[in-house]
Amino acid sequence: MESMFEDDISILTQEALGPSEVWLDGPGDPSLGGDMCSASHFALITAYGDIKERLGGLERENATLRRRLKVYEIKYPLITDFGEEHGFPLYEIKDGSLLEVEKVSLQQRLNQFQHELQKNKEQEEQLGEMIQAYEKLCVEKSDLETELGEMRALVETHLRQICGLEKQLQQQQGLRDAAFSSLSPPAVPATACPDLDLHYLALRGGPALGHAGWPGPTSVSVSELERRRLEEALEAAQGEARGAQLREEQLQAECERLQGELKQLQETRAQDLASNQSECGMAWVKRVGDDQVNLALAYTELTEELGRLRELSSLQGRILRTLLQEQARNAGQRHSPLSQRHSPAPACPSPSPPARPPPCAPCQSPAAQRRSPVPPCPSPQQRRSPASPSCPSPVPQRRSPVPPSCQSPSPQRRSPVPPSCPAPQPRPPPPPGERTLAERAYAKPPSHHAKAGFQGRRSYSELAEGAAYAAASPAWLQAEAATLPKPRAYGGELYGPGRPLSPRRAFEGIRLRFEKQPSEEEEWAMPASPPSPEASTIRCASFCAGFPIPESPAATAYAHAEHAQSWPSINLLMETVGSDIRSCPLCQLGFPVGYPDDALIKHIDSHLENSKI
């Protein structure tokens with residue numbers, strides 16, 4: 001487009017017009033003035049130049065836009081509605097190649113600039129090093145200048161001393177000259193006796209004449225002496241300077257030696273500190289190892305104590321179950337006539353739910369009995385309803401929800417419908433010298449043994465052995481003082497989430513003191529039956545059956561057992577050591593003397609936790 005408007009300005013000039021053509025508003029036209037023609041011509045030329053410049057700028061912008069559009073079309077080809085790609089002519093490909101060439105050239109220039117930048121960085125580093133070296137040289141130069149100034153000051157002092165000595169020498173020489181001049185006599189005229197005068201002059205004026213006429217030997221000797229004296233002073237000053245240099249060298253050597261000793265001392269000190277730190281680290285490791293060994297020994301001892309406690313608990317549970325089964329058989333034999341009267345048809349259906357499994361055999365292990373949903377020992381509900389499931393009961397107001405496996409051993413709480421069992425065979429009481437294994441296991445320990453166990457051991461199950469209580473009397477076995485303790489699971493496995501609900505589980509949250517109530521005695525009492533001589537022992541066994549029995553060590557690991565460590569609970573427990581009946585000092589709940597101390601302390605801990613003490 002620039003070529004189109006390149007020479008169009010010639011149409012406004014006179015040369016572009018033909019010889020026969022004349023401007024309408026030219027200067028030769030008499031109808032228009034000269035000033036007006038020139039002004040209009042200049043305005044037209046200016047406007048045409050502006051228009052041409054604008055058109056050139058627009059053309060350049062259009063070319064740039066076309067070039068960019070071509071680049072975009074090459075990068076992102078357009079697809080028509082018919083699915084065909086838009087074809088580009090050959091000049092567009094040429095423009096792309098030109099762009100590639102420009103890109104390569106720009107990349108080369110960029111690499112060149114980067115190379116120059118790297119060179120500039122290296123030069124800057126070299127310049128920095130040179131500046132540092134120059135600074136070091138400047139520092140050394142300043143040091144040398146200071147040393148030179150000191151030497152100059154020293155030389156000036158020596159020169160001043162030499163000048164002073166020379167002045168003193170000149171003064172002394174002047175004084176000597178004055179003394180010699182005062183000693184010489186004035187001139188005397190000639191006399192008749194010239195020989196005497198000559199002789200006198202020879203005798204008295206010899207030195208003066210010699211001093212005045214020519215330099216005598218005295219002046220020469222004085223100058224020699226002064227020179228020698230000055231040389232000696234100069235040599236002495238040089239010797240002092242050499243001595244000062246030697247002392248300086250000696251002091252420098254001493255300083256270097258002291259610096260070496262200081263470095264050696266620092267190294268030895270660092271080595272000593274490192275060795276001390278290593279020794280301290282080894283001592284700390286040894287101390288930690290000893291602590292771990294002591295902790296492992298204490299853990300082992302505590303595990304053994306807990307194992308012995310669980311073995312004792314399982315032994316007591318087996319003894320209690322065997323005792324309860326014996327008492328149940330005896331009670332069933334005593335109540336058999338009444339059950340035969342009230343249940344003539346023994347094959348009638350039982351009112352209890354048929355989905356209950358049969359009771360477990362008495363010879364099962366403690367673990368199996370704990371897992372069984374129907375425990376062989378009677379619960380408090382079974383004591384309230386001792387009717388056997390195999391016989392129909394005409395009084396259905398007190399039915400047991402779970403069919404018990406044995407009759408309740410309490411004679412004061414007998415059901416009006418006893419089971420079909422043979423006649424009771426009363427057993428005579430045992431002699432006082434013979435003691436059952438249950439009485440030995442639940443005998444009350446002496447108070448001093450219990451206190452010694454609390455003070456000397458971390459595990460409070462030391463006195464749970466049955467042999468330690470063999471000499472104690474079962475004074476706590478009283479029917480009026482029987483209570484039901486709060487059952488607690490050992491390790492969370494006694495009543496797991498997968499175990500079925502048992503009568504003992506139903507009575508977990510109920511604290512019940514089984515005392516004689518008038519309504520119950522009127523309802524359940526049977527005046528025809530004589531009181532059993534073994535009432536206290538049976539009541540003790542049924543009462544102890546409500547306590548949780550810890551599992552054996554083989555059943556669960558020690559990690560599930562919680563050890564009581566609360567000292568307030570221990571102090572509260574120590575208050576009940578000397579009493580006849582072990583009871584909780586907070587809720588007055590009675591416990592057997594042989595009940596584990598750890599479980600009792602945990603019971604007190606539950607009160608303290610609930611009250612947030």
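All positions are counted from 1 along the displayed chain.
Keep in mind that glycine also has a Cβ here, set from the backbone N, Cα and C atoms.
As annotated in Swiss-Prot, zinc finger covers the listed stretch 581-607 rather than the other ranges in 41-67, 230-256, 473-499, 581-607.
DSSP assigns Cys587 (Zn(2+) binding site) to coil, not to a helix or a strand.
With DSSP classes pooled into helix, strand and coil, the tally for the region 'Interaction with TBK1 and IKBKE' (281-330) is 50 helix, 0 strand, 0 coil. Averaged over the zinc finger (581-607), the predicted model has a pLDDT of 78. Around Cys584 (Zn(2+) binding site), the same-chain residues at least 6 positions away in sequence with a Cβ under 8 Å from its Cβ are Phe591, Leu600, His603, Ile604, His607. For the zinc finger (581-607), the DSSP-based tally of helix, strand and coil residues reads 11 helix, 4 strand, 12 coil.
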